[in-house]
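Colleague: Quick one: the structure is below, questions incoming.
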């Protein structure tokens with residue numbers, strides 16, 4: 001039987017911008033994408049710590065080292081600059097193949113979205 005497990009998480013990133021008129025998605029600094037084992041265009045769940053909003057979108061490439069976390073398109077209505085968010089990816093795995101010591105990649109960031 002397959003189960004869904006957390007694959008990666010960027011914890012308490014600070015939203016640096018919100019662009020309502022952009023086509024859609026979430027722009028994320030590629031240093032954070034790589035550190036969390038995520039991929040460009042991968043589906044993500046986003047939780048806004050400030051207002052409780054939860055939504056799904058996909059990642060687009062942000063400039064490395066920029067700390068950029070931008071809510072684009074309709075997602076811009078669910079958060080604003082300065083909000084803290086959690087970005088989560090999931091994977092489908094065979095339950096019997098999931099190692100007992102499985103650990104997802106979790107990236108904690110500082111107030112400028114630099115990996116701690």
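Cβ coordinates come from backbone N, Cα and C, glycine included.
If you look up Swiss-Prot, you'll see 25 marked as active site, schiff-base intermediate with substrate, on the strength of sequence analysis. Annotation source Swiss-Prot lists active site, proton donor at 58, citing sequence analysis. Annotation source Swiss-Prot lists substrate binding site at 57, 73, 74, 75, citing sequence analysis. Annotated pyruvic acid (Ser) per Swiss-Prot: 25, in sequence order.
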Colleague: Going by a 10 angstroms cut-off between Cβ atoms, which of the binding-site residues 74, 75 has the sparsest surroundings?
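Modeller: Minimum Cβ neighbour count within 10 Å, taken over the binding-site residues 74, 75, occurs at 74.
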Colleague: If you measure from the C-alpha of residue 58 (active site, proton donor), which of the recorded positions 25, 73, 74 fall inside 10 Å?
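Modeller: Within 10 Å of residue 58 (active site, proton donor): 25.
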Colleague: Beyond 57, 73, 74, 75, what residues of that chain have CB atoms within 8 A of the centre of the substrate site's CB atoms?
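Modeller: The answer, listed by sequence position, is 24, 25, 26, 55, 71, 72, 76, 77, 78.
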Colleague: Pairwise over 57, 73, 74, 75, annotated as binding substrate, what's the top Cα to Cα distance to the nearest Å?
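Modeller: Overall maximum Cα spacing for these binding residues reaches 10 Å.
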Colleague: If you draw a 10 Å sphere around the Cβ of residue 73 (substrate binding site), how many other Cβ atoms fall inside it, taking every protein chain shown into account?
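Modeller: That number is 16.
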Colleague: Please classify the secondary structure at the residue listed as 'active site, proton donor' using three-state DSSP.
Modeller: strand
Colleague: Between residue 73 (substrate binding site) and the residue listed as 'active site, schiff-base intermediate with substrate', what is the CA-CA distance rounded to a whole number of Å?
Modeller: 7
Colleague: Please report the distance from the Cα of residue 74 (substrate binding site) to the Cα of residue 25 (active site, schiff-base intermediate with substrate), rounded to the nearest angstrom.
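Modeller: Residue 74 (substrate binding site) and residue 25 (active site, schiff-base intermediate with substrate) have their Cα atoms 8 Å apart.
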Colleague: List the residues of the same chain that sit at least 6 positions away from residue 57 (substrate binding site) in sequence and have their Cβ under 8 Å from its Cβ, in sequence order, or write 'none'.
Modeller: 24, 25, 26, 43, 44, 46, 72, 75
